[in-house]
Structure formats: C-alpha cells, structure tokens
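Notes follow the structure.
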Amino acid sequence: MFNTKIEFSKYDPELWKAIDQEKNRQENHIELIASENYTSNYVMHVQGSQLTNKYAEGYPEKRYYGGCKYVDIIEKLAINRAKKLFNADYANVQPHSGSQANFAVYTALLNPGDTILGMKLSHGGHLTHGSSVNFSGKTYNVIGYGVDKKGNIDYQEILTLAKKYKPKMIIGGFSAYSGICNWSKMRDIADEINAYFVVDIAHVAGLIAANLYPNPIDYAHVVTSTTHKTLAGPRGGLILAKNGTNTFYKKINLSVFPGAQGGPLMHVIAAKAIAFKEALEPAFKIYQKQVIKNAQVMVQSFLKKDYQIVSGNTFNHLFLLDLTSKNITGQEADIALGKCNITVNKNTIPNDLRSPFITSGIRIGTPAVTKRGFKENEMLQISDWIVHILNNIKDKNSLLGIKNEVLKLCSKYPVYI
C-alpha cells in the first residue's frame, strides 16, 4: 500500500525546504544552548519507524489494546536499560516530556493547594519547579529558595524556609546552575519536616549516567528527567525511583496513565531504549568527560578576559555569563552572537533587575559542540570569538569576519555525515 522509498522533497517541497534549512542551520551554527544536543542516527531512524502507528494504552502485559506483543518487548527494554543506567529499581519511560514527568509526580504525591519548595526560576530553577506562569505555580502554594552571594545553593535558606512553611515536597534540580548539588543534605532537610524529596535531573542526566555528577537516586523519593539534553536521546521524559514500595510505584504509574496521558509514543520509547543503550557504552563516559572539560575551559577563558561567571566556575555542562558590568543585555548578546552563527540563550542571573525577556546574562552549554567533536582548542577559539563579538557588538564588519570563521570551523566538524 505504501511505498517506503518516498521522495519527500517532491511530495511536500514547502515542508521539505524548511526541514532542509533547519538541517543546514544545525550544520552551520555553533550550538551552545545548554539544553540542546544531537541525537544519533539510530535514535532518529527509530522515531520514523512503523512504531508510530501503534496505540498501546496501559503498561507492558497490561494493555487496553490488542496487538501489543512487540511493543511490550520494546518498552520493557527501555525500562530495564533505564534502571541499569541510573541504578534504580523503578522506571517509567512513558512521559512525553520532562514537564509531563514532573506533572505526573506532583499529581501523584500532592493535592492542589499543597506547599512546595523549589528553586526560583531567576536563580536557576525550572518553570515546573514553581513558576507563577506554569501549572506548578498555579496549582500549588510555592515557596522559592535561591543561591547565596557566591552563587551557590543556599542550604541554610532551604532549611529555614522548610521549617517555616512545612512544604509537602522539596524539589531539587535546575536549568541554569553550574555547581554540585548536595542531595544528601536536601534529603535530610526533607526528612526533618516529613516532606517528599523530588529531584529533576533533566540537565545533568547524561553526566549522572556516566558517574561524573552525583546521582540522587539513593536520596530522592522520586527522580525525574528528560531523555535529550546531556543524555542525547529523543525528546521525552523519564521517572525513576529506588527503595519504594510497589504501592508507591503504582501510584506514580497511575498518575502518568491514565492521570496525565493517554497512549504512549512507542516510536519515542524505542528511541529512548536506544539512547539508554548508547549511554551504557564506554564511549559515552569519554564524551561526558569532554563535555565538562569543554565547559571548564570556556569558563577559565572568560574569567581571564574579565568576564564574570555566576558561581565562579562550572562542574557540569553549563554556566551563566554575567554581562552586568559590560553594559550589554542578554538579549543584545543573544542577537549579536546569532548573527555570527553562534547560538546561545539569554538568561536571567540571580537578583536580575531586568525582565526575563531582556535579562542580564546568557547561558552557555557544551553538550552539542562536544558531540560534533570540538575539544579544548576549539572551545578557546569560540570563547575568543564570543568576547570579540560582545566587545564590538556594533561593528558589523567585525561580526561578518567572525561569521566566516565560524562557517569554516563548522565545515571541519559535520554533525551528520
């Protein structure tokens, strides 16, 4: 019925053109957005497979539809690999995204109006950790913690707020924090007030899988994650836990389905299974080590050039460049760098006086550039380019010259051959 040897460009040239343009953009831009990465061809291939046709509401061997024999095998592969990768004894691979994973966990453990304690978005947290524009901020009573004057998580503040407000849940994790989190200390605080401790590892899941960042699985009641970012898999979500009861795990499962979602995306779950397999291989740890090295090399380069780094260093894949003293907004930096084919995102910094649409900083991450083969020398060159652009932000000729250099570098390191 269907010819699998399709000529996409002829059938829908308008759509194909946009896809091809995006492919070229990825090849010709230096990608420094911390939450972006490049998946393998295996991951992309499986997402375009016949699995996209299959409905499989429920869980393996407990489906509401027939014909699930083979998708059961696929989902169990993904579950078992996820458990092995993160040293967990429970995994749910069905969440469509990290936000969906967080939503499912919150609704499983909380009631509307309950108090939660999460990291402020302006200090490095995530929308789903209590932002007023997100479901988490609209559904629950949110108390926010932040970082101290040195840019490190303020555990004393967490303890003080926990004792004062008695939240039902404390949320660990971040979207823009370059330090190491003390999961043990946060669990102790949660235990002191009899609260759930939930950790969102979306940004550092790949580093944790490679044993290069502390794993919260032995401390958190529940761990959530995305499967892209540092993990370099398909866009999707994941829920993990350890040392819980079957009743507890069933509660989370029911909150995912039927509580938050209907049918799982089996083509994406298969891609997750491949990504977990890739992350279990020795090459993955080598890659993650280089991700951290590349970020740290950039930090030191910026510091030597009199640029400020929030927290002063990085111990993971990202860092925040504080532009306050340079009289440049994050938005201006984002636009100027984009004109030179260097992609970052504007980002608020702790105690930022500018709006989230303007900001006083930019966030820089190294997962994608490391994936395409960049190492220390390339990162030093990129840091030099960024500084030159920001120091000469209105010099169009200078920016054009750097764009040409960026294109030359990108051509030496193709993403997809």
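The backbone N, Cα and C atoms fix where each Cβ goes, glycine too.
From a predicted model like this one, the values you see are computed outputs, not experimental measurements.
Positions annotated as (6S)-5,6,7,8-tetrahydrofolate binding site by Swiss-Prot, on the basis of sequence analysis: LEU121, GLY125, HIS126, LEU127, SER355, PRO356, PHE357. Residues annotated as N6-(pyridoxal phosphate)lysine in Swiss-Prot: LYS229. The annotation site 'Plays an important role in substrate specificity' is assigned in Swiss-Prot to HIS228.
Classification of PHE357 ((6S)-5,6,7,8-tetrahydrofolate binding site) by DSSP places it in coil, neither helical nor stranded. Across the residues the record lists as binding (6S)-5,6,7,8-tetrahydrofolate (LEU121, GLY125, HIS126, LEU127, SER355, PRO356, PHE357), the two Cα atoms farthest apart are 16 Å from each other. When each of the recorded positions HIS126, HIS228, LYS229 is scored by how many other Cβ atoms sit within 10 Å of its Cβ, HIS126 comes out lowest.
Cα-Cα distance from PRO356 ((6S)-5,6,7,8-tetrahydrofolate binding site) to LYS229 (N6-(pyridoxal phosphate)lysine): 22 Å (rounded to the nearest whole number). Neighbours of PRO356 ((6S)-5,6,7,8-tetrahydrofolate binding site), defined as other CB atoms within 10 A of its CB across all chains, total 14.
Between LEU127 ((6S)-5,6,7,8-tetrahydrofolate binding site) and LYS229 (N6-(pyridoxal phosphate)lysine), the C-alpha separation comes to 16 Å.
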